[in-house]
Amino acid sequence: MRPLGALSLFALLATTVSGLAIREPDAKDWYQHATFYQIYPRSFLDSNGDGIGDLAGITSKMKYLADIGIDATWLSPPFKSPLKDFGYDVSDFYAIQPEYGNLTDFDKLVEEAHKNGIKLMLDFIPNHSSDQHEWFVKSVARDPEYSEFYVWKPPATGGGPPNNWISVFGGPAWTYNAARGEYYLHQFTPQQPDLNYRNPKLLAEMTKMLFFWLDRGVDGFRLDAINHMFEDEQFRDEPVSGWGQPGEYDSLDHIYTKDIPDVYNVVYNWRDQMDKYSAEKGRTIILMTEAYSSIEGTMLYYESADRKRQGAHMPFNFQLIYDFKKEQNAVGLKSSIDWWMNNMPARHTPSWVAGSHDHSRVASRVGLDRVDQVMTLMHTLPGTSITYYGEEVAMQDFKEAQQFDNRDPNRTPMQWDSSTSAGFSTNTNTWLRVHPDYARYNVDVMQKNPQSTFHHFQHLTKLRGHRTMQSGEYVHKTVGTKVYALLRELRGEDSFLTVLNMAGAEDTVDLGDFVNLPQKMRVEVAQPNSKSKAGNEVDISKLTLGPYDSVVLRATVSSAAAINLSIGLLLAIMARYIFV
(Lines of atoms letter the chains of each structure in order from A and count residues from 1; the text may use other names and numbers.)
(Lines give C-alpha, C1' and ligand atoms only; values in the text may rest on other atoms or scores of the structure.)
Protein backbone atom coordinates (compact mmCIF):
# COMPACT_ATOMS: atom_id res chain seq x y z
CA MET A 1 0.00 0.00 0.00
CA ARG A 2 1.21 3.52 -0.76
CA PRO A 3 2.11 5.96 2.03
CA LEU A 4 -1.41 7.44 2.07
CA GLY A 5 -3.10 5.50 4.88
CA ALA A 6 -6.62 4.09 4.99
CA LEU A 7 -7.70 6.63 7.61
CA SER A 8 -6.45 9.45 5.41
CA LEU A 9 -8.35 8.03 2.47
CA PHE A 10 -11.56 7.80 4.47
CA ALA A 11 -11.04 11.37 5.69
CA LEU A 12 -10.60 12.45 2.08
CA LEU A 13 -13.74 10.52 1.18
CA ALA A 14 -15.81 12.22 3.88
CA THR A 15 -14.51 15.66 3.00
CA THR A 16 -15.12 15.22 -0.71
CA VAL A 17 -18.62 13.80 -0.31
CA SER A 18 -19.50 16.62 2.06
CA GLY A 19 -18.17 19.18 -0.40
CA LEU A 20 -20.10 17.70 -3.28
CA ALA A 21 -23.31 17.64 -1.30
CA ILE A 22 -23.31 21.28 -0.24
CA ARG A 23 -21.72 23.02 -3.22
CA GLU A 24 -23.91 25.87 -4.48
CA PRO A 25 -24.27 26.90 -8.13
CA ASP A 26 -23.16 30.34 -9.22
CA ALA A 27 -25.57 33.00 -7.99
CA LYS A 28 -27.88 34.45 -10.65
CA ASP A 29 -29.18 38.00 -10.72
CA TRP A 30 -32.94 38.52 -11.05
CA TYR A 31 -32.96 39.17 -14.79
CA GLN A 32 -30.97 36.04 -15.69
CA HIS A 33 -33.90 33.70 -15.15
CA ALA A 34 -36.85 36.10 -15.21
CA THR A 35 -40.16 35.72 -17.01
CA PHE A 36 -40.83 39.04 -18.77
CA TYR A 37 -44.25 40.19 -19.99
CA GLN A 38 -44.72 43.00 -22.49
CA ILE A 39 -47.70 45.30 -21.99
CA TYR A 40 -49.03 47.51 -24.76
CA PRO A 41 -50.64 50.18 -22.53
CA ARG A 42 -53.29 51.20 -25.02
CA SER A 43 -54.64 47.64 -25.17
CA PHE A 44 -54.23 46.14 -21.70
CA LEU A 45 -57.07 47.50 -19.54
CA ASP A 46 -59.24 50.62 -19.69
CA SER A 47 -60.04 51.89 -16.18
CA ASN A 48 -62.23 54.89 -17.07
CA GLY A 49 -64.43 53.68 -19.92
CA ASP A 50 -62.99 55.79 -22.74
CA GLY A 51 -62.07 52.71 -24.79
CA ILE A 52 -58.33 53.23 -24.35
CA GLY A 53 -56.07 51.30 -21.98
CA ASP A 54 -54.31 53.28 -19.27
CA LEU A 55 -51.83 53.13 -16.41
CA ALA A 56 -54.51 52.72 -13.75
CA GLY A 57 -55.75 49.66 -15.61
CA ILE A 58 -52.27 48.17 -15.67
CA THR A 59 -51.82 48.93 -11.98
CA SER A 60 -54.99 47.03 -11.12
CA LYS A 61 -53.60 43.89 -12.77
CA MET A 62 -50.23 43.65 -11.04
CA LYS A 63 -51.50 40.91 -8.73
CA TYR A 64 -52.74 39.01 -11.78
CA LEU A 65 -49.26 39.17 -13.30
CA ALA A 66 -47.71 37.97 -10.05
CA ASP A 67 -50.21 35.10 -9.89
CA ILE A 68 -49.27 33.84 -13.36
CA GLY A 69 -45.57 33.92 -12.49
CA ILE A 70 -44.37 37.13 -14.12
CA ASP A 71 -41.11 38.54 -12.71
CA ALA A 72 -40.85 41.70 -14.80
CA THR A 73 -42.97 43.68 -17.22
CA TRP A 74 -41.93 46.17 -19.85
CA LEU A 75 -44.27 48.83 -21.09
CA SER A 76 -44.44 49.98 -24.67
CA PRO A 77 -43.87 53.76 -24.58
CA PRO A 78 -46.26 55.54 -22.17
CA PHE A 79 -44.69 58.93 -22.96
CA LYS A 80 -46.52 61.95 -24.34
CA SER A 81 -46.97 61.56 -28.08
CA PRO A 82 -49.08 62.72 -31.04
CA LEU A 83 -49.44 58.97 -31.73
CA LYS A 84 -48.39 59.00 -35.37
CA ASP A 85 -46.59 55.76 -34.49
CA PHE A 86 -48.58 55.08 -31.31
CA GLY A 87 -46.03 56.18 -28.76
CA TYR A 88 -42.85 55.52 -30.69
CA ASP A 89 -42.93 59.20 -31.69
CA VAL A 90 -42.30 60.95 -28.36
CA SER A 91 -43.05 64.66 -27.96
CA ASP A 92 -42.02 64.81 -24.28
CA PHE A 93 -39.79 62.17 -22.69
CA TYR A 94 -40.62 63.49 -19.22
CA ALA A 95 -44.42 63.29 -19.41
CA ILE A 96 -47.07 60.58 -19.65
CA GLN A 97 -49.51 60.46 -22.57
CA PRO A 98 -52.67 62.12 -21.09
CA GLU A 99 -54.92 59.28 -22.30
CA TYR A 100 -52.90 56.92 -20.11
CA GLY A 101 -52.71 59.10 -16.99
CA ASN A 102 -50.01 61.24 -15.42
CA LEU A 103 -46.82 60.95 -13.40
CA THR A 104 -48.78 60.31 -10.21
CA ASP A 105 -50.46 57.36 -11.92
CA PHE A 106 -47.07 56.16 -13.08
CA ASP A 107 -45.64 56.33 -9.56
CA LYS A 108 -48.59 54.28 -8.29
CA LEU A 109 -47.91 51.70 -10.98
CA VAL A 110 -44.27 51.37 -9.98
CA GLU A 111 -45.24 51.05 -6.32
CA GLU A 112 -47.85 48.37 -7.01
CA ALA A 113 -45.50 46.45 -9.28
CA HIS A 114 -42.79 46.35 -6.65
CA LYS A 115 -45.34 45.48 -3.96
CA ASN A 116 -46.14 42.36 -6.00
CA GLY A 117 -42.50 41.50 -6.61
CA ILE A 118 -42.53 42.62 -10.24
CA LYS A 119 -39.80 44.70 -11.88
CA LEU A 120 -40.93 47.48 -14.22
CA MET A 121 -39.11 48.30 -17.45
CA LEU A 122 -39.72 51.12 -19.91
CA ASP A 123 -39.49 51.04 -23.68
CA PHE A 124 -37.06 53.86 -24.51
CA ILE A 125 -36.77 55.18 -28.07
CA PRO A 126 -33.28 56.70 -28.43
CA ASN A 127 -33.10 57.04 -32.22
CA HIS A 128 -35.71 59.74 -32.77
CA SER A 129 -38.38 61.98 -31.30
CA SER A 130 -41.65 63.33 -32.62
CA ASP A 131 -41.52 66.29 -34.98
CA GLN A 132 -43.74 67.97 -32.39
CA HIS A 133 -41.06 67.75 -29.70
CA GLU A 134 -39.92 71.13 -28.40
CA TRP A 135 -36.36 70.28 -29.42
CA PHE A 136 -37.31 69.80 -33.05
CA VAL A 137 -39.34 73.01 -33.17
CA LYS A 138 -36.34 74.90 -31.81
CA SER A 139 -33.97 73.07 -34.13
CA VAL A 140 -36.04 74.14 -37.14
CA ALA A 141 -35.74 77.72 -35.88
CA ARG A 142 -31.94 77.28 -35.57
CA ASP A 143 -31.99 77.98 -31.85
CA PRO A 144 -28.26 77.79 -30.98
CA GLU A 145 -28.92 75.37 -28.11
CA TYR A 146 -30.93 72.91 -30.23
CA SER A 147 -29.95 73.58 -33.84
CA GLU A 148 -27.78 70.44 -34.06
CA PHE A 149 -30.01 68.15 -31.99
CA TYR A 150 -31.21 66.58 -35.26
CA VAL A 151 -29.53 65.48 -38.49
CA TRP A 152 -29.82 68.29 -41.06
CA LYS A 153 -28.30 68.48 -44.53
CA PRO A 154 -28.65 70.97 -47.39
CA PRO A 155 -30.20 69.78 -50.67
CA ALA A 156 -28.00 67.87 -53.09
CA THR A 157 -26.37 69.75 -55.93
CA GLY A 158 -29.19 70.40 -58.36
CA GLY A 159 -31.80 69.92 -55.63
CA GLY A 160 -33.41 66.94 -53.96
CA PRO A 161 -32.42 64.79 -50.95
CA PRO A 162 -28.76 64.74 -49.86
CA ASN A 163 -28.33 61.05 -50.76
CA ASN A 164 -30.23 57.87 -51.66
CA TRP A 165 -31.08 56.69 -48.15
CA ILE A 166 -34.47 55.01 -47.73
CA SER A 167 -36.62 54.90 -44.58
CA VAL A 168 -37.62 51.65 -42.89
CA PHE A 169 -41.20 52.23 -44.07
CA GLY A 170 -40.13 52.93 -47.66
CA GLY A 171 -39.51 56.13 -49.59
CA PRO A 172 -36.80 58.75 -48.98
CA ALA A 173 -35.31 58.96 -45.49
CA TRP A 174 -35.12 62.74 -45.95
CA THR A 175 -37.86 65.39 -45.75
CA TYR A 176 -37.37 69.01 -46.73
CA ASN A 177 -38.23 71.66 -44.14
CA ALA A 178 -38.94 74.97 -45.86
CA ALA A 179 -38.62 77.02 -42.67
CA ARG A 180 -35.03 75.89 -42.15
CA GLY A 181 -34.21 75.39 -45.82
CA GLU A 182 -32.67 71.97 -45.25
CA TYR A 183 -33.55 68.29 -45.25
CA TYR A 184 -33.81 66.36 -41.98
CA LEU A 185 -33.14 62.65 -41.63
CA HIS A 186 -35.85 60.23 -40.50
CA GLN A 187 -35.07 56.53 -40.68
CA PHE A 188 -38.70 55.85 -39.84
CA THR A 189 -41.67 58.15 -40.63
CA PRO A 190 -41.32 61.86 -41.53
CA GLN A 191 -42.94 62.57 -38.15
CA GLN A 192 -40.00 60.85 -36.40
CA PRO A 193 -36.85 62.92 -37.07
CA ASP A 194 -33.57 61.25 -36.14
CA LEU A 195 -31.69 62.65 -33.17
CA ASN A 196 -28.05 63.63 -33.68
CA TYR A 197 -25.92 61.66 -31.22
CA ARG A 198 -22.75 63.26 -32.56
CA ASN A 199 -23.88 66.31 -30.60
CA PRO A 200 -22.62 65.91 -27.00
CA LYS A 201 -25.43 68.08 -25.63
CA LEU A 202 -28.08 65.83 -27.16
CA LEU A 203 -26.43 62.71 -25.76
CA ALA A 204 -26.25 64.33 -22.32
CA GLU A 205 -29.95 65.25 -22.47
CA MET A 206 -31.01 61.73 -23.40
CA THR A 207 -28.85 60.25 -20.65
CA LYS A 208 -30.32 62.70 -18.16
CA MET A 209 -33.78 61.53 -19.14
CA LEU A 210 -32.90 57.92 -18.29
CA PHE A 211 -32.01 58.90 -14.76
CA PHE A 212 -35.26 60.84 -14.37
CA TRP A 213 -37.16 57.56 -14.77
CA LEU A 214 -34.68 55.54 -12.72
CA ASP A 215 -35.23 57.93 -9.83
CA ARG A 216 -38.95 57.18 -10.12
CA GLY A 217 -38.22 53.51 -9.48
CA VAL A 218 -37.90 52.03 -12.97
CA ASP A 219 -35.80 48.85 -13.08
CA GLY A 220 -34.37 49.25 -16.56
CA PHE A 221 -34.97 50.03 -20.20
CA ARG A 222 -35.53 48.31 -23.50
CA LEU A 223 -33.61 50.32 -26.09
CA ASP A 224 -35.78 50.34 -29.20
CA ALA A 225 -34.29 50.30 -32.72
CA ILE A 226 -30.91 50.99 -31.14
CA ASN A 227 -28.82 50.15 -34.21
CA HIS A 228 -30.17 53.18 -36.13
CA MET A 229 -28.72 55.76 -33.71
CA PHE A 230 -25.72 56.77 -35.84
CA GLU A 231 -25.11 57.28 -39.55
CA ASP A 232 -22.08 57.52 -41.76
CA GLU A 233 -20.42 60.89 -41.15
CA GLN A 234 -19.77 61.33 -44.88
CA PHE A 235 -23.42 60.62 -45.79
CA ARG A 236 -22.43 58.36 -48.67
CA ASP A 237 -25.01 56.67 -50.89
CA GLU A 238 -25.82 53.13 -49.85
CA PRO A 239 -25.22 50.35 -52.40
CA VAL A 240 -28.06 48.50 -54.09
CA SER A 241 -28.75 45.17 -52.40
CA GLY A 242 -30.37 43.32 -55.26
CA TRP A 243 -33.47 42.72 -53.15
CA GLY A 244 -36.86 44.42 -53.21
CA GLN A 245 -38.27 47.05 -55.51
CA PRO A 246 -36.74 50.52 -55.99
CA GLY A 247 -37.82 52.76 -53.13
CA GLU A 248 -38.34 49.85 -50.74
CA TYR A 249 -36.13 49.58 -47.66
CA ASP A 250 -34.71 46.20 -48.64
CA SER A 251 -33.55 47.52 -52.02
CA LEU A 252 -30.43 49.02 -50.39
CA ASP A 253 -27.64 47.48 -48.34
CA HIS A 254 -27.75 49.61 -45.20
CA ILE A 255 -24.04 49.82 -44.47
CA TYR A 256 -24.15 53.54 -43.68
CA THR A 257 -27.35 53.82 -41.62
CA LYS A 258 -27.22 50.79 -39.30
CA ASP A 259 -24.78 49.14 -36.90
CA ILE A 260 -22.27 51.99 -36.96
CA PRO A 261 -19.59 51.29 -34.29
CA ASP A 262 -20.45 54.50 -32.41
CA VAL A 263 -23.76 52.89 -31.39
CA TYR A 264 -21.99 50.29 -29.30
CA ASN A 265 -19.90 52.88 -27.49
CA VAL A 266 -23.05 54.70 -26.37
CA VAL A 267 -24.54 51.44 -25.11
CA TYR A 268 -21.32 50.54 -23.26
CA ASN A 269 -21.24 53.98 -21.64
CA TRP A 270 -24.88 53.72 -20.61
CA ARG A 271 -24.15 50.30 -19.12
CA ASP A 272 -21.30 51.78 -17.08
CA GLN A 273 -23.67 54.41 -15.74
CA MET A 274 -26.41 51.86 -15.02
CA ASP A 275 -23.94 49.70 -13.10
CA LYS A 276 -22.77 52.67 -11.06
CA TYR A 277 -26.37 53.61 -10.27
CA SER A 278 -27.12 49.99 -9.36
CA ALA A 279 -24.22 49.90 -6.91
CA GLU A 280 -25.32 53.16 -5.31
CA LYS A 281 -28.97 52.13 -4.96
CA GLY A 282 -28.44 48.46 -4.17
CA ARG A 283 -30.67 47.19 -7.00
CA THR A 284 -29.74 45.86 -10.41
CA ILE A 285 -30.79 48.10 -13.31
CA ILE A 286 -30.76 46.39 -16.69
CA LEU A 287 -30.59 47.34 -20.35
CA MET A 288 -32.18 45.29 -23.12
CA THR A 289 -31.59 46.10 -26.79
CA GLU A 290 -33.74 45.64 -29.87
CA ALA A 291 -31.72 45.52 -33.07
CA TYR A 292 -32.47 43.70 -36.31
CA SER A 293 -28.86 43.05 -37.18
CA SER A 294 -26.39 40.35 -38.14
CA ILE A 295 -25.55 37.79 -35.47
CA GLU A 296 -22.07 39.32 -35.14
CA GLY A 297 -23.51 42.81 -34.76
CA THR A 298 -26.12 41.64 -32.28
CA MET A 299 -23.60 39.91 -30.04
CA LEU A 300 -21.59 43.12 -29.74
CA TYR A 301 -24.47 44.53 -27.71
CA TYR A 302 -23.53 42.04 -24.98
CA GLU A 303 -19.91 43.17 -24.81
CA SER A 304 -17.11 44.67 -26.87
CA ALA A 305 -15.01 42.45 -29.12
CA ASP A 306 -12.07 42.69 -26.71
CA ARG A 307 -14.44 41.86 -23.80
CA LYS A 308 -13.34 44.95 -21.89
CA ARG A 309 -16.68 46.78 -22.08
CA GLN A 310 -20.08 45.46 -21.04
CA GLY A 311 -23.20 46.45 -22.95
CA ALA A 312 -26.80 45.30 -22.73
CA HIS A 313 -27.64 42.65 -20.18
CA MET A 314 -29.69 41.03 -22.96
CA PRO A 315 -30.16 41.78 -26.63
CA PHE A 316 -33.59 40.65 -27.82
CA ASN A 317 -33.49 37.27 -29.56
CA PHE A 318 -36.28 37.00 -32.14
CA GLN A 319 -35.22 33.64 -33.60
CA LEU A 320 -38.17 31.70 -32.18
CA ILE A 321 -40.49 34.21 -33.85
CA TYR A 322 -38.75 33.75 -37.20
CA ASP A 323 -37.97 30.04 -37.06
CA PHE A 324 -40.71 28.35 -35.03
CA LYS A 325 -43.25 28.19 -37.83
CA LYS A 326 -45.97 25.70 -38.73
CA GLU A 327 -43.64 23.84 -41.08
CA GLN A 328 -40.59 23.78 -38.75
CA ASN A 329 -39.06 20.42 -37.80
CA ALA A 330 -36.85 19.37 -34.89
CA VAL A 331 -33.58 19.77 -36.79
CA GLY A 332 -34.42 23.33 -37.83
CA LEU A 333 -35.52 24.20 -34.30
CA LYS A 334 -32.28 22.92 -32.78
CA SER A 335 -30.26 24.85 -35.37
CA SER A 336 -32.14 28.03 -34.52
CA ILE A 337 -31.36 27.66 -30.81
CA ASP A 338 -27.73 26.76 -31.52
CA TRP A 339 -27.39 29.82 -33.75
CA TRP A 340 -27.88 32.07 -30.73
CA MET A 341 -26.23 29.98 -28.02
CA ASN A 342 -23.08 29.20 -30.03
CA ASN A 343 -22.53 32.87 -30.86
CA MET A 344 -23.34 34.32 -27.44
CA PRO A 345 -20.28 35.42 -25.43
CA ALA A 346 -19.49 33.33 -22.35
CA ARG A 347 -21.21 34.12 -19.04
CA HIS A 348 -24.05 36.04 -20.66
CA THR A 349 -27.80 35.46 -20.60
CA PRO A 350 -29.88 34.44 -23.61
CA SER A 351 -33.38 35.80 -24.15
CA TRP A 352 -36.23 34.06 -25.94
CA VAL A 353 -38.96 36.27 -27.37
CA ALA A 354 -42.29 34.61 -28.20
CA GLY A 355 -44.07 37.70 -29.49
CA SER A 356 -44.19 41.48 -29.54
CA HIS A 357 -46.20 44.45 -30.76
CA ASP A 358 -44.35 44.27 -34.09
CA HIS A 359 -44.98 40.60 -34.86
CA SER A 360 -47.90 38.31 -35.52
CA ARG A 361 -49.13 36.51 -32.41
CA VAL A 362 -47.96 32.98 -31.58
CA ALA A 363 -51.38 31.41 -32.23
CA SER A 364 -51.54 33.05 -35.66
CA ARG A 365 -47.94 32.18 -36.59
CA VAL A 366 -47.92 28.52 -35.60
CA GLY A 367 -51.61 27.66 -35.18
CA LEU A 368 -53.71 27.12 -32.07
CA ASP A 369 -52.61 23.47 -31.92
CA ARG A 370 -48.98 24.51 -31.33
CA VAL A 371 -49.29 27.48 -28.95
CA ASP A 372 -48.71 25.28 -25.91
CA GLN A 373 -45.62 23.78 -27.55
CA VAL A 374 -44.05 27.21 -27.99
CA MET A 375 -44.81 28.07 -24.36
CA THR A 376 -43.22 24.80 -23.20
CA LEU A 377 -40.03 25.43 -25.13
CA MET A 378 -39.43 29.08 -24.33
CA HIS A 379 -40.03 28.59 -20.60
CA THR A 380 -37.63 25.66 -20.26
CA LEU A 381 -34.73 26.98 -22.31
CA PRO A 382 -31.89 28.55 -20.26
CA GLY A 383 -32.12 32.29 -19.71
CA THR A 384 -34.97 34.76 -19.94
CA SER A 385 -38.40 34.27 -21.49
CA ILE A 386 -40.26 37.27 -22.93
CA THR A 387 -44.00 36.98 -23.49
CA TYR A 388 -46.41 39.40 -25.15
CA TYR A 389 -49.66 40.19 -23.34
CA GLY A 390 -52.47 37.77 -24.15
CA GLU A 391 -50.25 34.87 -25.22
CA GLU A 392 -51.20 33.13 -21.96
CA VAL A 393 -54.76 32.79 -23.31
CA ALA A 394 -53.77 32.10 -26.95
CA MET A 395 -54.97 35.42 -28.35
CA GLN A 396 -54.86 35.61 -32.14
CA ASP A 397 -54.36 38.34 -34.72
CA PHE A 398 -57.56 40.03 -35.89
CA LYS A 399 -56.99 41.28 -39.43
CA GLU A 400 -60.31 43.10 -39.60
CA ALA A 401 -59.20 45.31 -36.70
CA GLN A 402 -56.59 47.03 -38.86
CA GLN A 403 -57.30 50.75 -38.81
CA PHE A 404 -54.11 52.72 -38.22
CA ASP A 405 -51.22 50.36 -38.92
CA ASN A 406 -50.59 46.95 -40.46
CA ARG A 407 -49.55 45.78 -36.99
CA ASP A 408 -52.97 46.57 -35.49
CA PRO A 409 -54.14 42.93 -35.81
CA ASN A 410 -51.72 41.85 -33.07
CA ARG A 411 -52.40 44.86 -30.81
CA THR A 412 -56.11 44.31 -30.11
CA PRO A 413 -57.55 44.70 -26.58
CA MET A 414 -56.66 42.13 -23.93
CA GLN A 415 -59.33 39.46 -23.51
CA TRP A 416 -60.17 39.30 -19.82
CA ASP A 417 -63.65 37.78 -19.79
CA SER A 418 -66.86 37.31 -21.79
CA SER A 419 -68.45 40.64 -20.86
CA THR A 420 -68.60 43.85 -22.90
CA SER A 421 -65.44 44.40 -24.95
CA ALA A 422 -63.87 41.26 -23.46
CA GLY A 423 -63.65 42.97 -20.06
CA PHE A 424 -61.07 45.37 -21.45
CA SER A 425 -63.47 48.31 -21.23
CA THR A 426 -67.06 49.09 -20.28
CA ASN A 427 -67.22 50.98 -23.57
CA THR A 428 -68.40 49.09 -26.65
CA ASN A 429 -66.27 51.41 -28.80
CA THR A 430 -62.66 50.52 -28.12
CA TRP A 431 -59.64 52.06 -29.85
CA LEU A 432 -59.24 48.83 -31.83
CA ARG A 433 -61.96 46.25 -32.27
CA VAL A 434 -61.93 43.27 -29.92
CA HIS A 435 -61.28 39.87 -31.48
CA PRO A 436 -64.64 38.13 -32.07
CA ASP A 437 -63.48 34.89 -30.40
CA TYR A 438 -62.98 36.60 -27.03
CA ALA A 439 -65.81 34.63 -25.41
CA ARG A 440 -63.76 31.45 -25.85
CA TYR A 441 -60.22 32.74 -25.41
CA ASN A 442 -60.11 34.88 -22.28
CA VAL A 443 -58.61 34.81 -18.81
CA ASP A 444 -61.84 34.09 -16.93
CA VAL A 445 -62.84 31.11 -19.09
CA MET A 446 -59.38 29.60 -19.08
CA GLN A 447 -58.86 30.07 -15.35
CA LYS A 448 -61.89 27.83 -14.80
CA ASN A 449 -60.53 25.12 -17.09
CA PRO A 450 -57.54 23.27 -15.61
CA GLN A 451 -56.74 21.90 -19.08
CA SER A 452 -56.11 25.27 -20.71
CA THR A 453 -53.25 27.25 -22.18
CA PHE A 454 -53.56 29.63 -19.22
CA HIS A 455 -52.85 26.91 -16.64
CA HIS A 456 -50.13 25.41 -18.83
CA PHE A 457 -48.44 28.81 -18.90
CA GLN A 458 -48.79 29.10 -15.12
CA HIS A 459 -47.31 25.63 -14.51
CA LEU A 460 -44.32 26.51 -16.67
CA THR A 461 -43.60 29.83 -14.98
CA LYS A 462 -43.75 28.08 -11.61
CA LEU A 463 -41.29 25.47 -12.84
CA ARG A 464 -38.90 28.26 -13.85
CA GLY A 465 -38.40 28.94 -10.15
CA HIS A 466 -36.62 25.60 -9.69
CA ARG A 467 -32.87 25.84 -9.17
CA THR A 468 -32.17 23.55 -12.10
CA MET A 469 -34.11 25.83 -14.42
CA GLN A 470 -32.39 28.91 -13.07
CA SER A 471 -28.80 27.69 -12.89
CA GLY A 472 -28.61 24.34 -14.67
CA GLU A 473 -26.72 23.42 -17.80
CA TYR A 474 -28.47 22.30 -20.95
CA VAL A 475 -28.00 19.58 -23.53
CA HIS A 476 -30.32 19.25 -26.51
CA LYS A 477 -30.68 16.88 -29.41
CA THR A 478 -33.10 15.60 -32.01
CA VAL A 479 -34.59 12.17 -32.57
CA GLY A 480 -34.88 11.99 -36.32
CA THR A 481 -36.40 15.12 -37.81
CA LYS A 482 -39.58 15.09 -35.75
CA VAL A 483 -38.70 15.13 -32.06
CA TYR A 484 -36.69 17.75 -30.17
CA ALA A 485 -35.44 17.07 -26.63
CA LEU A 486 -33.86 19.49 -24.14
CA LEU A 487 -32.24 18.34 -20.90
CA ARG A 488 -31.69 20.75 -18.00
CA GLU A 489 -29.50 19.43 -15.19
CA LEU A 490 -27.68 20.70 -12.10
CA ARG A 491 -25.59 18.58 -9.78
CA GLY A 492 -27.47 17.64 -6.66
CA GLU A 493 -30.82 18.75 -8.10
CA ASP A 494 -33.61 17.12 -10.07
CA SER A 495 -33.20 17.02 -13.84
CA PHE A 496 -35.86 18.06 -16.35
CA LEU A 497 -36.29 16.76 -19.88
CA THR A 498 -38.43 18.80 -22.29
CA VAL A 499 -39.69 16.87 -25.31
CA LEU A 500 -41.49 18.31 -28.34
CA ASN A 501 -43.08 16.37 -31.18
CA MET A 502 -42.80 18.76 -34.11
CA ALA A 503 -44.91 16.54 -36.37
CA GLY A 504 -48.66 16.35 -36.82
CA ALA A 505 -48.77 12.60 -36.18
CA GLU A 506 -48.33 10.47 -33.06
CA ASP A 507 -44.82 9.13 -32.49
CA THR A 508 -43.08 6.83 -30.00
CA VAL A 509 -39.43 7.62 -29.36
CA ASP A 510 -36.47 6.29 -27.41
CA LEU A 511 -34.70 8.97 -25.34
CA GLY A 512 -32.50 6.54 -23.46
CA ASP A 513 -29.27 7.91 -24.90
CA PHE A 514 -29.39 10.90 -22.55
CA VAL A 515 -26.75 10.04 -19.94
CA ASN A 516 -27.46 10.11 -16.20
CA LEU A 517 -31.22 9.76 -16.66
CA PRO A 518 -33.25 6.88 -15.24
CA GLN A 519 -35.39 4.84 -17.59
CA LYS A 520 -38.53 5.86 -15.69
CA MET A 521 -39.32 9.55 -15.24
CA ARG A 522 -42.31 11.46 -13.91
CA VAL A 523 -44.35 13.86 -16.03
CA GLU A 524 -43.88 17.30 -14.45
CA VAL A 525 -45.80 19.38 -17.01
CA ALA A 526 -47.91 18.22 -19.93
CA GLN A 527 -49.66 20.52 -22.35
CA PRO A 528 -53.48 20.40 -22.24
CA ASN A 529 -53.99 17.96 -25.15
CA SER A 530 -50.95 15.80 -24.39
CA LYS A 531 -50.87 12.00 -24.48
CA SER A 532 -49.19 12.24 -21.06
CA LYS A 533 -50.63 13.47 -17.78
CA ALA A 534 -48.83 15.35 -15.02
CA GLY A 535 -47.80 13.03 -12.20
CA ASN A 536 -47.71 9.88 -14.33
CA GLU A 537 -44.57 7.80 -14.69
CA VAL A 538 -43.28 7.16 -18.20
CA ASP A 539 -40.59 5.01 -19.76
CA ILE A 540 -38.26 7.28 -21.74
CA SER A 541 -37.14 4.38 -23.91
CA LYS A 542 -40.64 4.25 -25.41
CA LEU A 543 -42.24 7.65 -24.85
CA THR A 544 -45.42 8.19 -26.85
CA LEU A 545 -46.13 11.73 -28.00
CA GLY A 546 -49.30 13.00 -29.61
CA PRO A 547 -49.37 15.33 -32.63
CA TYR A 548 -47.56 18.60 -31.80
CA ASP A 549 -47.23 17.34 -28.23
CA SER A 550 -44.91 18.68 -25.54
CA VAL A 551 -44.04 17.41 -22.07
CA VAL A 552 -41.54 18.17 -19.34
CA LEU A 553 -40.30 15.06 -17.52
CA ARG A 554 -38.63 15.04 -14.11
CA ALA A 555 -35.89 12.80 -12.76
CA THR A 556 -35.62 13.05 -8.99
CA VAL A 557 -32.08 13.09 -7.64
CA SER A 558 -31.94 12.15 -3.97
CA SER A 559 -29.07 13.23 -1.72
CA ALA A 560 -28.39 9.54 -1.10
CA ALA A 561 -27.92 8.98 -4.82
CA ALA A 562 -25.50 11.88 -5.04
CA ILE A 563 -23.50 10.53 -2.10
CA ASN A 564 -23.51 7.00 -3.53
CA LEU A 565 -22.13 8.34 -6.80
CA SER A 566 -19.35 10.14 -4.94
CA ILE A 567 -18.59 7.11 -2.76
CA GLY A 568 -18.41 4.89 -5.83
CA LEU A 569 -15.95 7.25 -7.45
CA LEU A 570 -13.71 7.44 -4.39
CA LEU A 571 -13.84 3.70 -3.73
CA ALA A 572 -12.49 3.25 -7.23
CA ILE A 573 -9.65 5.62 -6.34
CA MET A 574 -8.97 3.70 -3.10
CA ALA A 575 -8.89 0.41 -4.97
CA ARG A 576 -6.30 1.83 -7.30
CA TYR A 577 -4.08 2.77 -4.35
CA ILE A 578 -4.58 -0.55 -2.59
CA PHE A 579 -4.14 -2.94 -5.47
CA VAL A 580 -1.60 -1.16 -7.66
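Glycine is no exception: its Cβ is also placed from the backbone N, Cα and C atoms.
Model, not experiment: these values are computed from the prediction.
Swiss-Prot marks one residue of ASN501, ASN564 as N-linked glycosylation site, namely ASN501. Only ASN127, GLU290, of the recorded positions ASN102, ASN127, GLU290, ASP358, have a C-alpha within 10 angstroms of the C-alpha of ASP224 (active site, nucleophile). ASN102 (N-linked glycosylation site) sits 24 Å from ASN127 (N-linked glycosylation site), counting Cα to Cα. Remark: of the recorded positions ASP224, GLU290, ASP358, the most isolated position is ASP358 (fewest other Cβ atoms within 10 Å of its Cβ). A count of other CB atoms within 10 A of each Cβ picks out ASN501 as the most crowded of the glycosylation sites ASN102, ASN127, ASN501.
ASN127 (N-linked glycosylation site) and ASP358 (site 'Transition state stabilizer') have their C-alpha atoms 17 Å apart, to the nearest angstrom. For GLU290 (active site, proton donor) paired with ASP358 (site 'Transition state stabilizer'), the C-alpha to C-alpha distance reads 12 Å. Straight-line distance linking the Cα atoms of ASN501 (N-linked glycosylation site) and ASP358 (site 'Transition state stabilizer'), rounded to a whole number, equals 28 Å.
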